[in-house]
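Features reported for this protein in TrEMBL:
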DOMAIN    5-41  domain 'F-box'
């Protein structure tokens, strides 16, 4: 590559690195497309401490559109979005489809014009199969909702619209891999609105996005369609979240799922509709039965659960037959008995809200501690947290 085309490359390495630190994420990615050398430079600048830990939101969303979202600590109020769409069908493509049904001889006599490239083929294609119509992202201001923190903020959104004539899920995976290669980080959230797609499309998507992620969000209302239950089971079995799973799904009344089929033990599991949750997999029918089962030695493959109760429950009755000790710290609970108790009450920050809760720390003979509690507010939520 000629240096005359990029005078910036004539700078000494130290000076070049300082200049590249001022590049926006889009500029870094676009600059990396220029040559193998610029790609290597962009990869190396992303390894410096300031930049390496800066990518805190790298998420893939597949709903009405296919999109990749990026947020960086050094651009705190800015969102960088790649939107991927199928190539629009040009008028020439439609015309060629018409002529294709006619005999070749007749076609040559009536239409000798050379094949016209589609609108996608005319666009720049730095990554095979992904077409960039221009290098100037659209900029607007939007309200963004952080579903993990339950907060809404004003954000400047930079959007780059890309096109492909290939499978959208496949090229989204390809672009996510390229971004990961440049910024030395993996996506931390995968979100899918699964009811928008048929069985084949969902299988392809889950096969492509089977890598471990911190958080997984699944949405979709199929309450009136039992025929999709098998596909929902397939998605839940093959998702690979390691920390938080949020299920904003409303399946049919006859749907059920064994939570033991999850690939990983989750820290947090959020479920919007609970009619499909059975006693066998999460025991939401009775908070006391859940506690009794844990006291008998059962250890689930999740760590924290909250249940909105249909009735008022006296948390003291959930630990009846055990001697509570009114110590301020669970550390003073001795191991003289198989299970020891420590009662507590006070204000706690839970799910970004402060609530008054009272309950117990239960120390089991194997060293496991379950913290159970009931929040004293209008929601009547029971909390169950397990740790060592």
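Any Cβ shown, glycine's included, is placed from N, Cα and C.
Curation does not apply to TrEMBL; its annotations are automatic.
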Next item on the list: Take the domain 'F-box' (5-41) and average the pLDDT across it for me.
Entry: 86
Notebook entry, point to check: Could you count the residues of the domain 'F-box' (5-41) that DSSP puts in helix, in strand and in coil?
Noted result: 27 helix, 0 strand, 10 coil
